[in-house]
Amino acid sequence: MSSVFSGDETAPFFGFLGAAAALVFSCMGAAYGTAKSGVGVASMGVMRPELVMKSIVPVVMAGVLGIYGLIIAVIISTGINPKAKPYFLFDGYAHLSSGLACGLAGLAAGMAIGIVGDAGVRANAQQPKLFVGMILILIFAEALALYGLIVGIILSSRAGQSRAD
């Protein structure tokens, strides 16, 4: 009985592990950022309910991090089709590194957004001039996840370049 698989038998494991890592770690960052900044919004909203909608920005920014992981996971999973073309260890490792780059950057950004969002919305309730500063810090934290997304796209595009087609 022969296998129709061409390439390395273990390579798809690493590719799918990369897709899972991208989604899981990014969603962990998104969940942490949403929860941490959501607690800040809820506690601030008790005293200043008129600021709740203005202070929801960190929660939204944290939620976007999960989408970055989803994008990379879809890119990776569509690139794994061993029956259509050979899938070697280089491809699996490229997809694994792509998923880890995006996922761990999303996790770090989510932690930063959560902490800044929590402290920022509470401080904004006491001193409204701090809103612009909070938004700028949140943008820089979100940029960390964007860097991971960009590197993840570049690394996943490297899969398939280990051989001359």
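In case you wondered, yes, glycine gets a Cβ from its N, Cα and C as well.
Values in this document were obtained by computation on a predicted structure and should not be read as measured data.
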Membrane-side pairing of Thr10 with Ala123, Swiss-Prot annotation: no
Highest-contact recorded stretch vs the transmembrane segment (11-33), from 56-76, 96-117, 130-155, CB pairs under 8 Å: 96-117
In the chain carrying Glu142 (site 'Essential for proton translocation'), residues 6 or more apart in sequence that have Cβ under 8 angstroms from it: Met61, Val64, Leu65, Ala109, Ile113
